[in-house]
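Engineer: Feature list, courtesy of TrEMBL:
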DOMAIN    5-70  domain 'Copper amine oxidase N2-terminal'
DOMAIN    96-177  domain 'Copper amine oxidase N3-terminal'
DOMAIN    210-440  domain 'Copper amine oxidase catalytic'
ACT_SITE  ASP282  active site, proton acceptor
ACT_SITE  TYR366  active site, schiff-base intermediate with substrate
MOD_RES   TYR366  2',4',5'-topaquinone
Amino acid sequence: MEARHPLEPLSPVELERVIKLLKAGNDKVTPTTRFVSISLREPPKEKILNPTNELLSREADVVLFDNGTNSCYEASVSLEGEGSILSFEHIPGVQPTMTADEQVECEQAVLRSVEFQGLVREHYGVNDINLVMVDIWSAGYYGKEEERTRRLARPLCFVRSDPTDNGYAHPIEVEVIRIDQYKHYPLPPLNCNYSSDRVTDTRQDIRPLEIIQPEGPSFQVNGNQVSWQKWFFVIGFTIRQGLVLHNITYDNRSVLYRAALSEMVVPYGDPAEQQARKNAFDCGEYGIGSCTNSLELGCDCLGHIKYFDGNIFASRGELLVIKNAICLHEEDYSILWKHTDRRFKKPEVRRSRRLVISSIATIENYEYGFYWYLYQDASIHFEIKLTGILSLGTLSPNVKSPYGPLIAPQLYAPNHQHFFNMRLDLAIDGSKNTAYMIDIEA
């Protein structure tokens, strides 16, 4: 087996080691401290692009949050030898990413609230609190002192008619910071379930489509290093960004040093109190990596698949592994080139094939599919596929909203947008390509 590439993500053993070192070596890490993110501190770019015989050290960057003191900390840890804490710094006045178990705890806190139970019973006739579905959104900062000084979440609430109902079809129009009810509308009456056992008008005229590669795939994998055709790259994964591609080369020539989604924001364009605060920064506030799906053969990917796990952790430091977080496979992609010589009536055709590296994240109501495509003509494409369920709003009977279409009686879809910011660290033929500005005197 080849040596491990220095850009490969932290292994489960390394993650556990980082957590152990911080718990044992710093009195600021207490039972109320949460581990928000642990990621590889990537070595300097020039040492990757211009390698020597120097053995690069493995280090980790860590973000922590102490609920007991409302304090955020950043740490760096060396994994060399017995390991050591290189730095540990308090970062005042900030709130780091919301952890997955915080979202679960927040939902349970809402459902346990006697005041909330009384509200949904009185206004919506809901006697079984387990039928209420609570999506946890970030609170944001809108100038209130409690938003600046406290770690807050903003639950959006929906009610199911039964435990398997599509709750998004029945929004409860309340905002929960304390309990503020802006308007009281009856629940939308129409059931809008999407599960396969309840949808009766699915297509029945599609026959099986099988993709087989009897000699196996054309790619080679060593750890997280991938070679395919003339391409080489390293697959990474972080709790904030999810899928990351490192050190992409073509025919041994550097092309792209690092490629990942750095942030995405989803602002809603309805000034109503319930909708106006829906502005989700999904990377920074939730973490794409922690929301990543475990993929299944024949459902999310087709063909001869190589999966990569996503190694993360719960906020109290327990190791979590997202099985099959990243999918690698080949696809036939129509023709790459064709020509027919009319004189000989002999067509020549070359099929095109592409390599697909993908992952899918569920962030409450939406699913985002992230797809990197490498082609035989040395091109790279990136695609985001948006699917899932709309985050809806409730209206009074016979009322329409100017800020979103009515999709069912008393149910509308607020207008909103999805903005994605990609960070592409290009390294075309290395890192020395520089644009110079020169003053030329007349």
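Placement of Cβ uses the backbone N, Cα and C atoms for every residue, glycine included.
Quick one: where do these features end up spatially?
Structural biologist: Remark: secondary structure over the domain 'Copper amine oxidase N3-terminal' (96-177) totals 35 helix, 17 strand, 30 coil, with classes taken from DSSP.
As a whole-number mean, the pLDDT of the domain 'Copper amine oxidase catalytic' (210-440) in this prediction is 91.
Long-range C-beta contacts of ASP282 (active site, proton acceptor), restricted to its own chain and to partners at least six residues apart, with a cutoff below 8 Å, comprise GLU263, MET264, VAL265, VAL266, ILE288, CYS291, ALA361, ILE363, TYR368.
In the shown protein chains, 18 other C-beta atoms lie within 10 A of the C-beta of TYR366 (active site, schiff-base intermediate with substrate).
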